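Note sheet for the following structure.
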Amino acid sequence: MKFFALFIYRPVATILLSVAITLCGILGFRMLPVAPLPQVDFPVIMVSASLPGASPETMASSVATPLERSLGRIAGVSEMTSSSSLGSTRIILQFDFDRDINGAARDVQAAINAAQSLLPSGMPSRPTYRKANPSDAPIMILTLTSDTYSQGELYDFASTQLAPTISQIDGVGDVDVGGSSLPAVRVGLNPQALFNQGVSLDDVRTAISNANVRKPQGALEDDTHRWQIQTNDELKTAAEYQPLIIHYNNGGAVRLGDVATVTDSVQDVRNAGMTNAKPAILLMIRKLPEANIIQTVDSIRARLPELQSTIPAAIDLQIAQDRSPTIRASLEEVEQTLIISVALVILVVFLFLRSGRATIIPAVAVPVSLIGTFAAMYLCGFSLNNLSLMALTIATGFVVDDAIVVLENIARHLEAGMKPLQAALQGTREVGFTVLSMSLSLVAVFLPLLLMGGLPGRLLREFAVTLSVAIGISLLVSLTLTPMMCGWMLKASKPREQKRLRGFGRMLVALQQGYGKSLKWVLNHTRLVGAVLLGTIALNIWLYISIPKTFFPEQDTGVLMGGIQADQSISFQAMRGKLQDFMKIIRDDPAVDNVTGFTGGSRVNSGMMFITLKPRGERSETAQQIIDRLRKKLAKEPGANLFLMAVQDIRVGGRQANASYQYTLLSDDLAALREWEPKIRKKLATLPELADVNSDQEDNGAEMNLIYDRDTMARLGIDVQAANSLLNNAFGQRQISTIYQPMNQYKVVMEVDPRYTQDISALEKMFVINNEGKAIPLSYFAKWQPANAPLSVNHQGLSAASTISFNLPTGKSLSDASAAIDRAMTQLGVPSTVRGSFAGTAQVFQETMNSQVILIIAAIATVYIVLGILYESYVHPLTILSTLPSAGVGALLALELFNAPFSLIALIGIMLLIGIVKKNAIMMVDFALEAQRHGNLTPQEAIFQACLLRFRPIMMTTLAALFGALPLVLSGGDGSELRQPLGITIVGGLVMSQLLTLYTTPVVYLFFDRLRLRFSRKPKQAVTE
């Protein structure tokens, strides 16, 4: 009591304390970063290695495997996957959440160094690594276009000047430049001319390499001067290479231009990028795992004018895609929802108390509690994101509850004629323990969330802490500022003030009287109510089992990502045409604002597209509806598929898949994997629960298989190394020399001119110079035949792997899809040598599914322990927790009604309901126990009186919580997919709970009281407990 009096009788100190809390909150708010969601990115590092011309199988066995064995020893690696394609290998390392990305990078570099001696000697460069997840959608895409400069020149500007500068910006993890390659001098050989001159491809390669060297020449020096020696030992352009003498034939010089076409071109001609309908170079910017997306984007935008000034005016630098506008719009929507919730909650207080003065008190208490929370958020390193702001929105109903309970009880004493300061002190003393019980038991709900590990735990931690801090500050405010304001501001109601809103007052009195009559009947028919309570428990179990489930609500971020998968034998020219066709279909859609895409590189039959949709206010369809509409149009394109998916703020795993969810097949028997993967993929493609089923296993690429006759080769004086070198020189885009420039290094690339490689007859024109100097055609010692070969070889860990990706059709949930896949695998009878498991987001969903029930039980157990400690009773906590089944039924039924799957957001709603609905029971039980102790009432009389006396605050707190959550249900615009499931769950649970717990709680109270008396050896002490 002295604690309350300290603040009630010292108003200046109390006001200044509240002002201090508010000012700290304002400062914290101004310094908080902005993000779509809490920081939940796994630390991911990508290792890249190249060996131009090497087959996928060669890359897997000679490059990927040695690196994997070394990288697999690094501590904290949770998943390691690799993909080897023509001439390149990429290994993705995903680390545990608590692994520092910089420390992991040092370990990765050490592992690469340790494996260096096991790698092929012909690799043009050492393996490199990047601290970025290639499967993440870029946070920003810049494009370079020009009517004057070539694609190679644009790529040079992008990779030499722009990308390094952008990479240095805080938060940027990787800048991937696509759409072309660096400038190069290309030597296109004429096989017939070479044969006529008696010049081998190795002769050409050696001559070019020897003619373009960069070696130190030293200096001349005398007693007084020093002269640096400089020679014309380097060739820079195609014009300088053209007259190069490579051979003498019968005394005549054979120049490079006589046997080849030499051009200034690009290093790899099999690359193409586009923005809308125009060729473009793309700079795809990804952030570091720990970076804030908004801060990173703002930093990049601030540097754009400087970047534009470093490139010629004829080059147009544009932002093709930016993830930040929809994030900002989503957060603005949440902020508006928060403001509406505060206004509605204050309106509820005004309607019940019918006093402007009384309404001012919670109108002050609520902002102080919410604003003060920002200071704690800043100190904890949190951000302003959808979840933390939703926590504050929901907290509106909670923080006003404490003020309402105190205010309503003080107002009741004032109506009885007590003086304001005395009423404030007496009223606060009576409900102080109640408010403490309500707040502590509510915070206890979130303790299991704070201890939860993995991605769900990291995702929900900010929500739980933010809400807990708001409740803690609210508890302090309701026991200090609220009673002080009541004591100094409230007065006895005047008659004319009592008439104000008399219609609502009469309705409330009528409701209370009706409730009293119905409660008397219920207390005389307790068995029926008990049966209803048991029925709700059973209904909870059935609804939870049957309701569709997913990991996280499908977001509409305004950005789509598409993966193109074409026939495995398609040429680059045909693939570029497919890219243009797909881009035209998408560009013509009325909901699309911008589209960029690229194809080429080591995977000729694949490509990527990034689509920016118009803002939500300018389109009527959701991202998923747009995908459904485009899917029908895209299906008409023969020879290729474009798989679209909406970019999400949460994406788990490092696989660059063509769909949102993955199912991975593993086997130590590669033949078994290649046999069963097509069967499983075809079966899954028939399931109605899955859409866009595709696989990264591509085993049917066209291959020309050459078979050497080793006996003939030995007789003719030819070895296998010379024959393989011939093929690499002719068809491998072999980099044979380096051109050094001040800003970069460029390559001289040699191959047979594409005009002479249009069909299989190109092999017949190839020849080798043997050890006697004779030209021996390839057909003399080799035969060839067409065959199939893999376009890529994939590993997970050290096992062969194949990943099947899929999206969800409209109306289907991830639980539907996972159950269907499990059934399909059982029906197919897949052998034990082939193991299947979900990967990425689908894997996290499976893990979360297994822990959801345990989490809910843990929350209930924690609340029980806290209540048991507060009440010093085993029984009364059970009475209070009996309110939960009805809330669960209401929440699950509401989700079913709105066709919303049970997700992580809905789980948060269930956890909140555990804390919310027990408040009603706490108020009833507290007053009933008080009446039994001091009023000498029977248990039935005590609980009946408690229900009637607490009817008004119960209605107020419930409606405050309901109206605080209602804007979440009704909100639209950006980010509503996250807000609505939370609002639906809470509103549904509150409505059902309010209808039932007003009757079930008194019945359960009496039941346990009788049970306690029956088993108690000291009934009298039990009554006065």
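Each Cβ is built from the backbone N, Cα and C atoms, and glycine gets one as well.
As recorded in Swiss-Prot:
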TRANSMEM  3-23  transmembrane segment
TRANSMEM  333-353  transmembrane segment
TRANSMEM  360-380  transmembrane segment
TRANSMEM  387-407  transmembrane segment
TRANSMEM  431-451  transmembrane segment
TRANSMEM  463-483  transmembrane segment
TRANSMEM  528-548  transmembrane segment
TRANSMEM  853-873  transmembrane segment
TRANSMEM  875-895  transmembrane segment
TRANSMEM  897-917  transmembrane segment
TRANSMEM  953-973  transmembrane segment
TRANSMEM  984-1004  transmembrane segment
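When each of the listed stretches 360-380, 431-451, 875-895, 897-917 is scored by C-beta pairs under 8 angstroms to the transmembrane segment (333-353), 360-380 comes out highest.
The stretches the transmembrane segment (875-895) and the transmembrane segment (463-483) are not in mutual contact, being linked by fewer than three Cβ pairs under 8 Å (pairs 6 or more apart in sequence). When each of 3-23, 431-451, 897-917, 984-1004 is scored by its Cβ pairs under 8 Å to the transmembrane segment (528-548), the top-ranked stretch turns out to be 984-1004. Counted over residue pairs 6 or more apart, the CB atoms of the transmembrane segment (431-451) and the transmembrane segment (897-917) come under 8 Å in at least three pairs, which marks the two as touching.
Within the same chain, the transmembrane segment (463-483) stays apart from the transmembrane segment (984-1004): fewer than three Cβ pairs sit under 8 Å, each pair at least 6 residues apart. With a cut-off of 8 Å between Cβ atoms, the residues of this chain six or more beyond the transmembrane segment (984-1004) that come close are 394, 515, 518-519, 522-523, 526, 529-530, 532-533, 536, 878-880, 882-883, 886-895, 897-898, 900, 905-906, 908-910, 912-913, 916-917, 920-921, 924-925, 943-944, 947, 951, 954, 958, 961-962, 965-966, 968-969.
Within the chain, the transmembrane segment (3-23) has long-range Cβ neighbours (under 8 A, six or more residues past its boundaries) at 364, 367-368, 371-372, 375, 421, 424-425, 428-429, 432, 473, 477, 479-481, 483-484, 487-488. Long-range contacts of the transmembrane segment (387-407) within the same chain: residues 37-38, 331, 334-335, 337-338, 341-342, 345-346, 349, 353, 358, 361-362, 365-366, 369-370, 373, 377, 427-428, 431, 434-435, 438-439, 442, 459-460, 462-464, 466-467, 470-471, 473-475, 477-479, 482-483, 486, 912, 915-916, 919, 923, 953, 956-957, 960-965, 967-968, 978-979, 982, 986, each at least 6 residues beyond the stretch ends and with a Cβ under 8 Å from a Cβ of the stretch.
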